[in-house]
Amino acid sequence: MASASIPTDPDVSTICEDFMNLLPDEPSDDFALEVTDWANDEAIGSTPGEDSTTSRTVYVERTADTAYNPRYSKRRHGRRESYHHNRPKTLVVVLPDSNHHGGRDVETGYARIERGHRRSSRSYNTQSSRKHRDRSLSNRRRRPTTPPAMTTGERNDQTHDESYRLRFSKRDARRERIRKEYDIPVDRITGRAIEVVSTAGASVTIDSVRHLDETIEKLVVRYATIQEGDSWASGGCFPGIKQNTSWPELMLYGHELYRTFESYKMDSRIARALRERVIRGESLIEALESADELLTWIKMLAAKNLPIYTNNPIVATSKSLLENLKLKLGPFVRCLLLNRDNDLGSRTLPELLRQQRFSDITCITTYMFVMIARIANIVVRGSKFVEYDDISCNVQVLQEYTPGSCLAGVLEALITHQRECGRVECTLSTWAGHLSDARPYGKYFKCSTFNC
């Protein structure tokens, strides 16, 4: 390999890509000296990768740094993260006219840079490495790193000193100026609210608490007397929730329960309040049974061609039931929606409940949430009836639903998902614990085709 020489012709121009990420304030002499050093070391011909390009003669002008456009890495704590890019670099030498040098061709030379060193068969260029080392030391001296953490006493002193109070007053003045400029009202507690909060609880006595308990007890006793009477079914007592009721039995006696809700308006309001109280504290198993109770009730009324009133205790508490199911099955449904194959469907539980599309139904879990969300939305809007078309797209309302499938189907989905997923959140969040102090008020029947 022949040694490269540097011509002194001032017309020679050079465009050089940044090999060593030099600082922008470097003098032109250092830049030209470094390129000259590369030529003298005869390392321009080292090839990157499997390239076999040989070395060429390099021409450098003293003013070549005018075309020098370096690319720098980001600074962190006064030091550079990566001073050199770990990839091959190219030195491009361009002549405005080849006749200035006797028709000689000047071609591109290559150099390989690895971790700040120029690899070649003969030598290394250590000049840039020394510069990087010296600059790093000077940066450490000029730009100290993060100051040491303050002790509790120092932090308290800084909080209570005069400079801190001065900064706080300036910030408060700036906020006040902005508020006046844009006419922003001041957010403050009203005098009436201050008076109410300060005197809260002053009138509570033992007698007033006892009177409240007696009033609630009278309402519960009145409701329990009606629930245990013969008015629930024609010719006998309604089976209740202690034993399972078959679908034919519910079709036989269900209209009597419907008539009871229509006859006792006051007791229906009590039933709604007690049922909502029970539903909000139900466990997962009990919440799934309540979901089956709601959907079975809707299916029975549609089969008998009866109007579905929203003031019915079973229908009126659908919003509380939906909130409890979201709380119990939220992590499981979130993982289920993210991993399903349908890319066009809803990907989150809030999106599923907001859109309430029949096309989002892919399993019994999504079916339960979409149906109950549709019913709850109608109740919240204040409608008097639930239209059949709002809850079913078939001629026979809820034809695809089997009584008891919410409990059996969701438990089956949980078991299958636990085997496939294995996430701890999906398993522990659906732990079916029972509340020992939950009373069965507001629960009217249990109808399930499955033995579970």
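Quick reminder: no glycine exception, Cβ is built from N, Cα and C everywhere.
Feature list (source: Swiss-Prot):
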type	residues	note
REGION	42-164	region 'Disordered'
COMPBIAS	98-107	compositional bias 'Basic and acidic residues'
COMPBIAS	129-144	compositional bias 'Basic residues'
COMPBIAS	154-164	compositional bias 'Basic and acidic residues'
ZN_FING	335-426	zinc finger
BINDING	C335, H417, C421, C426	Zn(2+) binding site
> Within 10 angstroms of the C-beta of C426 (Zn(2+) binding site), what count of other C-beta atoms is obtained when all protein chains are considered?
Replying inline: 20
>> Counting by DSSP secondary structure, give me helix, strand and coil numbers for the zinc finger (335-426).
In response: 55 helix, 1 strand, 36 coil
> How many other Cβ atoms are found within 10 Å of the Cβ atom of C335 (Zn(2+) binding site), counting all protein chains shown?
Replying inline: 16
> In the structure shown, with every protein chain counted, which of the binding-site residues H417, C421 has the densest set of Cβ atoms within 10 angstroms of its Cβ?
Replying inline: H417
